[in-house]
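What follows is a short report on a single structure.
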Amino acid sequence: MPVCVYAILQHFSQITNIYKTDPSIRVFSTFGQPNWLAAYIGMLLPIIILKIDRTRLYLWLLIYAVAFSALWFTYSVSGLLGFLAGIACLLIFTKNELKKNLKIYFALAFISTAIAILNPGIFEGKILDTITDLKEIITLNKPVLADSSAPAYKISDTGTIRSGLWNGTLNLVFSNYKVFLIGTGPQTFPYEFQKFRPQNMNYSSEWDFVFNKPHNYYLELWSDTGIFSLLVYLAILVFIIKSKNYIYTPGLLALYVSNIFGWPTVATSVLFFIFIARLQKTQ
């Protein structure tokens with residue numbers, strides 16, 4: 001809860017203006033990056049929902065509202081998609097009790113929708129940013145947003161940037177058998193990726209960035225440590241799904257989905273291994 005409360009304070013004030021990034025635009029609490037905070041909260045929200053009971057209903061609804069607000073104020077697409085995947089998994093596993101808790105779920109849906117509608121944030125301009133990026137790539141002209149003399153700095157759509165990253169990473173993976181099987185080595189991505197960096201990434205707002213990760217944990221595992229490492233990580237996912245544990249599986253699935261667009265941090269990794277240990281104990 002303190003992490004979530006701090007994130008909400010960031011959104012409504014600039015109490016952490018020591019950072020270069022304005023936290024009121026996308027909160028990150030004590031995590032340093034919005035996507036990392038979103039992945040962490042996304043793993044815990046399904047458990048919060050399970051804890052809701054009618055005897056202390058308003059208290060738990062308040063806790064959910066605070067946690068979801070912190071998640072939403074990150075404006076993290078990966079975190080929100082992970083959260084939705086976790087909730088879908090939770091609803092499937094608890095479908096027999098769905099009718100009994102229908103009013104609670106309606107209350108949660110209302111709270112979530114109200115927070116989202118009242119605070120659209122950067123999602124408002126994402127469609128316009130995507131259209132702008134597509135025009136710049138098609139015309140192959142250097143955009144104004146990458147010009148240091150421009151009066152206003154605009155950020156490219158993250159989906160466009162990730163698309164280039166993923167395309168280049170796949171080209172790296174399939175460049176030879178050695179990389180495909182055992183990778184280039186842990187944390188070597190910034191050095192190896194440059195030769196496979198797509199040209200259209202030079203027409204984004206991050207044209208001068210040196211990327212240290214492909215912003216997809218599955219591609220990161222494959223490019224750094226090879227196909228066998230990736231298969232082991234996916235085998236753990238199969239174990240998680242087959243366990244059908246309604247307490248821990250939704251949160252773990254949320255992490256696996258958010259990892260499509262990012263990577264695990266220390267906080268989410270600690271939760272990951274705790275959840276896996278609990279799953280193993282209940283088998």
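From the backbone N, Cα and C atoms, a Cβ is placed for every residue, glycine too.
Under the heading domain 'O-antigen ligase-related', TrEMBL lists 65-234. Residues annotated as transmembrane segment in TrEMBL: 33-50, 81-98, 105-123, 221-241, 253-277.
Proximity of distant same-chain residues to the transmembrane segment (105-123), defined by a Cβ-Cβ separation under 8 Å and at least 6 residues beyond the stretch ends, is recorded for 11, 25-26, 49, 52, 61, 64-65, 68-69, 72-73, 75, 98. Non-local neighbours of the transmembrane segment (221-241) in the same chain are 169, 172-173, 179-189, 192-193, 214, 249, 252-253, 256, 276, 279; each lies 6+ residues outside the stretch with a CB under 8 Å from one of its CB atoms.
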